[in-house]
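**Student:** The structure under discussion is supplied below as structure tokens; questions concerning it will follow.
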Amino acid sequence: MPEPQGPMIVGEPSSGARADDDLLRGLNPPQRDAVTYRGQALLIVAGAGSGKTSVLTRRIASLLRNREAWPSQILAITFTNKAAGEMRERVQQLVGDSAQSMWISTFHSACVRILRREAQQFGFTKSFTIYDSGDSRALIKRLVKEHEADAFGLTPASVQGRISKLKNELADAESFARQANMSDPAERLFAEIFADYQRALQKANAFDFDDLIAQTVYLFRAFPHVADVYRRRFRHVLVDEYQDTNHAQYALIHELTRPVVGDAEPYAAGGMMIFEASEAPELEGASLTVVGDSDQSIYAFRGADIRNITEFERDFPGAKVVLLEQNYRSTQNILSAANAVIGHNFDRKDKKLWTDVGDGDPIIGFTGYSQHDEAQFVADEVEALRRKGVDYAQMAVFYRTNSQSRALEEILIRSAVPYKIMGGTKFYDRAEIKDALAYLVAVTNPADELAVRRILNKPRRGIGDVTETTIARYAADEGITFRDALANASALGVGPKIQHAISHLDAVLAEATEIMLPSSGEVAPPAAVTEGLTLLLNKSGYLDALRISKDPQDEARVENLDELVAVTREFARNNPEGTILDFLTEVALVSDADDLDDASGSVSLMTMHTAKGLEYDAVFVTGVEEDLIPHRISAGEPGGPQEERRLFYVALTRARKRLYLSLAMTRAQFGEVSVAMPSRFLQEIPHELIDWRQSPGDVNSRGGSRSRALNARRPGGGFGGSGGGGAGGSGGGRYGDDLVPLPRREKPVGSIEKFANRIPAKVRDNSDLELAPGDRIRHDDFGDGRVDMVTGEGAKRVAHVRFDSAGAKKLLIKIAPISKL
DNA sequence: GCCTACGGTTTTTTT
DNA sequence: AACCGTAGGC
């Protein structure tokens, strides 16, 4: 990491309270301020790459070293588990093992921890399930159907989105119903579904992602004595990526940093708590440190409120603000491009990143004819960098939408480039994994009807819709849970075969329960999760069904389940005290993107959103096209284009040394090929910063129908590795009307640079340049040469030039970087 | 109840 | 191109 790193102090701060001098070493003045300031509220405005993690970890270390805080009094919140893990590790390097007792976690994990402890205060049990968005969608889908709401234009997706938004604003079904226009049937229906959804969650003893935050806030507000426990405990609250907090998260922070007013009698049953204004607080609020950068706010779509950071000073009067503008990550070229792009957002505090490491390499641009062509460019450059000694792990490829990864993967596989997709289709999203987890949930949280229904007929047991409904009705009539109804199969009035199937499932679940949650009350051994899961998968017949199946994919499913079993073993090893609940919590909240370490040796592929907070020596930003970045859907939304620009800015600023921007002229979407336009953001970058290997102009000027020439040379399955080859080698001349041909991309043998063709996109305009055969010209890259002839008309005039050293080339006069001598 | 075929729909980003 | 839901045959 290029961040300033003082000498590491490893191990215990053995010699008692120590000055924090060593923590400040290598920091610039504002960074020092940020570490040493002591007060109620501190806002660190940290531009990309300005060393904020260093500052945050040293600030924590300094609090501990100076004995201003115990580890247990510190709560540090990040957005991803990965960021949390990284922070913990770095704090540990500074202060040693005492880092273990700090809460360094995401909003969601911290809330789960609190909720598991306090759930019984308000009608949940500690075994509650966490519904991911797929689970909640399944539930909402059922409700939408029940209410026949699709007739009013309510789709599961729109309902889910709205509910999520409302929860992020701390609105519940009741408060929504109060202010909604109930004369509109669609609104009324939505309000009913919202209320039903919430009831269903409560009944299932489950929280969705948004509830984890919102319900914690409710808990604190409804039970001040509970909140006080945490207020007393956490004396220093630090929040990273503050610009991406939503209202609920903001409220949570507020609740946590409130002064402790007094020893209100606990469990004041129904009584009002009255706090007299004159009464001095028993304990002042915890100190709050937030770190953020409004230019990197990219989560407005899920409720992040940029005002949380822009109005921090108003929210916390007397707050100190520290500005970090010096960048320790990227070269000046990269920063200049990023500054130029973000500068197009009006309505922002001007802030310019700078560095003293020098300009560095130019940004490389490339326009492919198709997404595969573009991908091939990426693969070739990756290999070229590798040969120059750059590790695969130090390269990353970004894209706007997950669907773009397909073409990249195809080509990378073909080119034998090792890669890893970060946070793509998640392991835990696979159907068989979700089934297995549903089995576990059915055991730990029998109230979770959704989970029990999910496994009811997996594997096939002959239990269909009709039987499922019968069970549900029986449960409702008897006033028991769906799960308990399974124990009375004989009372359901179904056929003997089905009866037997249900009883068998019930028995298997009961047996697993005995293993993982022994009725004797003793604590289950660490291996219980593994043992229980294995039992469930085997005795339920789930694995057998997959093994017998003829579907070739089912083999892979068995392997995935084996891996899940391995995960439980690993979990038991790492968490000797870990229970089945801890395991389920972890898999619900930990995403694949979090395990960064085993990306070693591979190129990382990820969306631009996932890229936030990461950095790489070389970064490829792909699909820099209109309708992709900025994405078409965001164009119409207020603030959409600006958020997209910030997203692009985030992508650019991930690069340390080399930045590649690429796009494709055509892109297959919906199975159809459509023509793509260069992104407007491309033109916001000063053109002298980009060195185009192949510019949009090059590709455009060939006239529509020839663009498959390149692909035609690349047969689908079978070019051997024999590389190089083919037509590409010797430049100019042989390509009919084609302009400077693309170099062969499969296995570049020689220097790619010799094919370089710098034509800035849409910036240069040589329309007025008159050239005639015999004229001497100078080209930015190819040097001097003589014009052989000029063909074409108007904007499409092409000069055929014989360069003194670079050979024959065809150049589109309008945009070629040439001048007459 | 299960399987297959067909047609409509789809792709924004994530804890 | 891939996924989902429905319809119709078994």
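Positions of Cβ are set from backbone N, Cα and C atoms, glycine also.
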**Student:** Tell me which range among A:1-20, A:621-640 TrEMBL lists as region 'Disordered'.
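**Tutor:** So the range that TrEMBL calls region 'Disordered' is A:1-20.
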**Student:** Does anything in the same chain, at least 6 positions from A:K52 (ATP binding site), have a Cβ under 8 Å from its Cβ, and if so what?
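**Tutor:** A:K52 (ATP binding site) has long-range Cβ partners A:I44, A:A46, A:D240, A:V291, A:L324.
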**Student:** Here the binding-site residues are A:S50, A:T53; which one has the lowest number of other Cβ atoms no more than 10 Å from its Cβ?
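**Tutor:** Minimum Cβ neighbour count within 10 Å, taken over the binding-site residues A:S50, A:T53, occurs at A:T53.
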**Student:** With Cβ-Cβ distance below 8 Å and at least 6 positions apart along the chain, what are the contacts of A:A48 (ATP binding site)? List them in sequence order.
**Tutor:** A:D293, A:D295, A:Q296, A:N327, A:R329, A:S330, A:A338, A:L353, A:Y649, A:V650, A:T653
**Student:** Hey, what's the Cβ neighbour count for A:G51 (ATP binding site) at 10 Å?
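**Tutor:** The Cβ of A:G51 (ATP binding site) has 26 Cβ neighbours within 10 Å.
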**Student:** If you count Cβ atoms within 10 Å of the Cβ of A:G47 (ATP binding site), leaving out that atom itself, what do you get?
**Tutor:** 25
